[in-house]
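Trainee: So Swiss-Prot says this about it:
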- R127, T128, Y129: octadecanoate binding site (BINDING)
- R127, T128, Y129: (9Z)-octadecenoate binding site (BINDING)
- R127, T128, Y129: hexadecanoate binding site (BINDING)
- A2: N-acetylalanine (MOD_RES)
- T8: phosphothreonine (MOD_RES)
- Y20: phosphotyrosine (MOD_RES)
- S23: phosphoserine (MOD_RES)
- T30: phosphothreonine (MOD_RES)
- S83: phosphoserine (MOD_RES)
Amino acid sequence: MADAFVGTWKLVDSKNFDDYMKSLGVGFATRQVASMTKPTTIIEKNGDTITIKTQSTFKNTEINFQLGIEFDEVTADDRKVKSLVTLDGGKLIHVQKWNGQETTLTRELVDGKLILTLTHGSVVSTRTYEKEA
């Protein structure tokens, strides 16, 4: 099922992303730059290993993981987190934990688009990506 997420995805819409970053403690200047970028996400699968690369003029990140196995991650805003990604009901659920906090990044496919829902406490941001040819 994770195969359905494989591809190159370009951000086309973003809702409430600044509030989400603010809730994580991201500084004003970084939020301003990050809010203006339109990142490309590349999802690859090689055997049991999934790679998610996020590329933008702001910062490039890459994570490699296997479903259900916790791993260390350094986020785009330089948080050092413990991450766990699972597949549940056709959704990739990515949970990051650090310093007693937790945020969830849920990726799902809706009408051929990749919908990324970011949740931290009561703050929710939705980012919509379209697949590139």
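Every residue gets a Cβ built from N, Cα and C, even glycine.
Since this is a predicted model, take the numbers as computed values, not measurements.
Burial and contacts for the listed features, if you can.
Mentor: Following the DSSP three-state reduction, the secondary structure of R127 (octadecanoate binding site) is strand. Annotation for R127 (octadecanoate binding site): same-chain Cβ neighbours under 8 Å, separated by at least 6 residues, are L11, D13, S14, K15, F17, I115, L116, L118.
A sphere of 10 angstroms centred on the C-beta of Y129 (octadecanoate binding site) encloses 24 other C-beta atoms.
The Cβ neighbour count for T128 (octadecanoate binding site), using a 10 Å radius over every protein chain in view, is 16.
A C-beta separation below 8 Å, combined with a sequence spacing of at least six in one chain, links A2 (N-acetylalanine) to K45, I50, L67, L87, L92.
In the three-state DSSP assignment, the secondary structure recorded for T8 (phosphothreonine) is strand. Within the same chain, residues at least 6 positions away in sequence whose Cβ sits under 8 Å from that of T8 (phosphothreonine) are T40, T41, I42, K131, E132.
Secondary structure at Y20 (phosphotyrosine), taken from DSSP and collapsed to helix, strand or coil, is helix. Note on Y20 (phosphotyrosine): other Cβ atoms within 10 Å of its Cβ, all shown chains, come to 23.
For S23 (phosphoserine), the same-chain residues 6+ apart in sequence whose C-beta sits under 8 angstroms from its C-beta are H120, G121, V123.
Long-range neighbours of T30 (phosphothreonine) (same chain, six or more residues apart, CB within less than 8 Å of its CB): M21, D77.
Within 10 Å of the C-beta of S83 (phosphoserine) we count 19 further C-beta atoms, all protein chains included.
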Trainee: Please report the distance from the Cα of Y20 (phosphotyrosine) to the Cα of T128 (octadecanoate binding site), rounded to the nearest angstrom.
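Mentor: That separation, Cα to Cα, works out to 15 Å.
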